[in-house]
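Inspection log for the structure reproduced underneath, given as structure tokens.
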Amino acid sequence: ASDKLTVDFRAGNSSNSSGYDCSPVTTGAVLLADILPTLIIKLFAPFVIHKVPYGFRVLFCVAMAAASFLLVSFSSAVWISIVGVIFASISSGLGELSFLSLSVFFDRNVLEGWGSGTGGAGVAGSFLYSGLIQVGLSPQITLCIMLVVPFAMLVSYFGVLAPVPSLPQWRRSELEYAAVDSEEQQQLMDESEDEEQETSASATHAVLSSH
């Protein structure tokens, strides 16, 4: 009787299992690969990212996103898939940071579009992937179809967006240097005014002393 119960228990477990059972180690590694690169970029990139023009940033984000889809879809080992997740996280973190800073060159309503876009991108991507899987496509084919996302990003930025002249597209902005120069000029002017006041005061004191 005990043997029968053991067999029934194992059979019940096997019937309740699904093809989506995950290893805790692999799941944790994927979550870390998805979160840590974005977190590191958002912590440290603001200190140096202004030195990289926006055109190069967008190209890098597109390349990272496309590489992530290709690596995950054609991976033959778990670590290759994790590298693909890292690339996707880098593209996401740098993209959010770059497009948020781009909003200062356009109308204030652009910020609302950025907020709704970043909020809805994850949900829309998940539903699109799930829908393609449910219609019978394999994960590999589905990820290859998702390559349309970085391509659309490339076309929309370089083909649709009309950049303003002050946007540093392929070279660093000179505004920061202009601000530094103006600050230095103002400091020099203040120093010269102080010197003139001291000279005038000295001359007045000398004249009064002579009388």
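Cβ atoms are placed via backbone N, Cα and C, with glycine included.
TrEMBL: automatically predicted annotations, no manual curation.
In TrEMBL this protein carries:
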{"type": "COMPBIAS", "residues": "199-211", "note": "compositional bias 'Polar residues'"}
{"type": "REGION", "residues": "183-211", "note": "region 'Disordered'"}
{"type": "TRANSMEM", "residues": "25-45", "note": "transmembrane segment"}
{"type": "TRANSMEM", "residues": "54-72", "note": "transmembrane segment"}
{"type": "TRANSMEM", "residues": "78-102", "note": "transmembrane segment"}
{"type": "TRANSMEM", "residues": "114-134", "note": "transmembrane segment"}
{"type": "TRANSMEM", "residues": "140-162", "note": "transmembrane segment"}
Considering the transmembrane segment (78-102), which listed stretch of 25-45, 54-72, 114-134, 140-162 counts the most C-beta pairs under 8 Å: 54-72
Contact yes or no, the transmembrane segment (140-162) and the transmembrane segment (25-45), 3+ Cβ pairs under 8 Å, gap 6+: no
Cβ contacts under 8 Å made by the transmembrane segment (25-45) with residues that lie 6+ beyond its boundaries: 78, 81-83, 85-86, 88-90, 92-94, 96-97
